[in-house]
Amino acid sequence: MGCNPPYHLSYRLRLLLLFTLCLTVVGWATSNYFVGAIQVIPKAKDFMASFHKVIHLGNEETLGHDGATKKPELANCPSVSPNLRGQSKLVFKPDLTLEEIEAENPKVSRGRYHPEECKALQRVAILIPHRNREKHLIYLLEHLHPFLQRQQLDYGIYIIHQTGSKKFNRAKLLNVGYLEALKEENWDCFVFHDVDLVPENDFNLYTCGDQPKHLVVGRNSTGYRLRYSKYFGGVTALSREQFLKVNGFSNNYWGWGGEDDDLRLRVELHKMKISRPKPDVGKYTMIFHTRDKGNEVNMGRMKLLQQMSRVWKTDGLSSCSYRLLSVEHNPLYANITVDFWTAA
């Protein structure tokens with residue numbers, strides 16, 4: 001009997017000590033956990049701050065100052081497009097319509113096109129003088145649009161239409177085209193293009209260089225030979241500065257002939273040299289036609305050529321007068337209609 005109380009006291013003491021020890025261990029583990037958590041929280045905050053900074057910088061690269069999405073800047077197109085095919089066999093469908101051509105060129109709008117895959121090296125305006133040649137125009141547009149697109153050009157096509165039945169003035173129409181096209185875009189290069197000539201080889205680049213370019217080396221109607229050694233007609237390319245330097249074309253060539261030789265003389269007067277592509281590249285098909293009424297041969301062209309050196313400063317872009325009747329933007333081209341009411 002005397003031994004029982006000490007036994008029970010010792011057992012309870014053991015339980016108390018065991019319970020105290022357990023509390024101590026749990027407390028120690030818990031305190032270590034919270035200390036570690038406190039140390040981790042600042043690191044987590046630093047990580048999230050860095051993450052948000054990266055996201056913000058990424059957004060700055062794709063958003064403009066006004067919050068609008070910015071497209072990444074395109075690389076320049078190559079000087080020679082990888083899309084070129086070379087010589088093509090041209091086919092002219094007798095029942096071809098403008099609507100068919102529009103369907104084949106869905107990325108052309110208001111006569112304008114630019115490549116989406118790269119930044120074009122030049123902005124090129126194609127100027128086509130026109131009157132009563134609707135079928136020729138359709139055929140040219142059918143082939144010219146894909147031709148220029150394969151060259152990866154930023155281009156616009158302008159048809160300059162002379163109204164009325166008075167004598168046709170190709171050169172003055174081209175001066176008008178130059179002046180009016182520059183109201184819409186600061187074009188780098190101008191291609192002066194007859195409506196009845198269709199290029200056959202897309203390596204014949206419709207771009208401008210250090211010197212004026214004559215692109216028609218040969219055509220089917222001449223056996224693909226140059227018409228004469230100093231021929232500078234049909235299709236020519238001059239930069240904005242080159243054409244301005246020579247004061248453009250003369251305005252005084254009414255009817256057919258002489259204006260292209262006059263331009264050549266102006267180019268030579270300014271010590272510029274005419275360049276041409278290789279004969280197998282500068283090939284064109286001329287669509288057959290008879291002489292238009294109102295475009296008879298200019299019998300006074302030789303006299304005008306003789307006085308070019310005296311009058312070029314006052315006869316050209318600087319004196320090109322006309323009445324602008326309309327500027328209409330069709331899907332495939334811009335149509336500029338003018339009246340030369342002072343025509344003789």
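Start at 1 and count along the chain as shown; that gives each residue its number.
Cβ atoms are placed via backbone N, Cα and C, with glycine included.
As the structure is a computational prediction, the values presented were derived from the model and not from experiment.
So that you can see what the record holds, here are the features copied from Swiss-Prot:
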- 1-12: topological domain 'Cytoplasmic' (TOPO_DOM)
- 13-38: transmembrane segment (TRANSMEM)
- 39-344: topological domain 'Lumenal' (TOPO_DOM)
- C77-C118: disulfide bond (DISULFID)
- 129-133, 168-170, 195-196, Y224, W256, 289-291: UDP-alpha-D-galactose binding site (BINDING)
- C189-C208: disulfide bond (DISULFID)
- D196, H289: Mn(2+) binding site (BINDING)
- N220: N-linked glycosylation site (CARBOHYD)
- G258, E259, D260, D261, R301: N-acetyl-D-glucosamine binding site (BINDING)
- N335: N-linked glycosylation site (CARBOHYD)
Maximum Cα-Cα separation in Å among residues G258, E259, D260, D261, R301, which the record lists as binding N-acetyl-D-glucosamine: 11
Indicate whether P129 (UDP-alpha-D-galactose binding site) is helix, strand or coil by DSSP. strand
Around the N-acetyl-D-glucosamine site formed by G258, E259, D260, D261, R301, which additional residues qualify by having Cβ within 8 Å of the site's Cβ center? A171, G233, Y253, G257, D262, L263, N298, L304, L305
Nearest recorded site to C118 (disulfide bond) by CA-CA distance, among recorded positions C189, N220, Y224, E259: C189
Rounded inter-Cα distance in Å - D261 (N-acetyl-D-glucosamine binding site), C77 (disulfide bond): 34
Integer average pLDDT (0 to 100) for the topological domain 'Lumenal' (39-344): 90
Same chain, 6+ residues apart, C-beta under 8 Å of the C-beta of N220 (N-linked glycosylation site), given in sequence order: Y284, T285, M286
Could you give the Cα-Cα distance between N169 (UDP-alpha-D-galactose binding site) and C77 (disulfide bond), in whole Å? 37
R301 (N-acetyl-D-glucosamine binding site): which of the recorded positions R131, R133, C189, D196, C208 have a C-alpha within 10 angstroms of it? none
For N335 (N-linked glycosylation site), the nonlocal same-chain Cβ neighbours (under 8 Å, six or more residues apart) come out as I159, H161, S326, V327, E328, H329
For C77 (disulfide bond), which residues of its chain lie six or more apart in sequence with Cβ-Cβ distance below 8 Å? P115, E117, C118, K119, A120, L121, Q152
Could you list the residues of the same chain, at least six apart in sequence, whose Cβ is under 8 A from the Cβ of C208 (disulfide bond)? Q122, V124, D188, C189, F190, A237, L238, S239, Q242
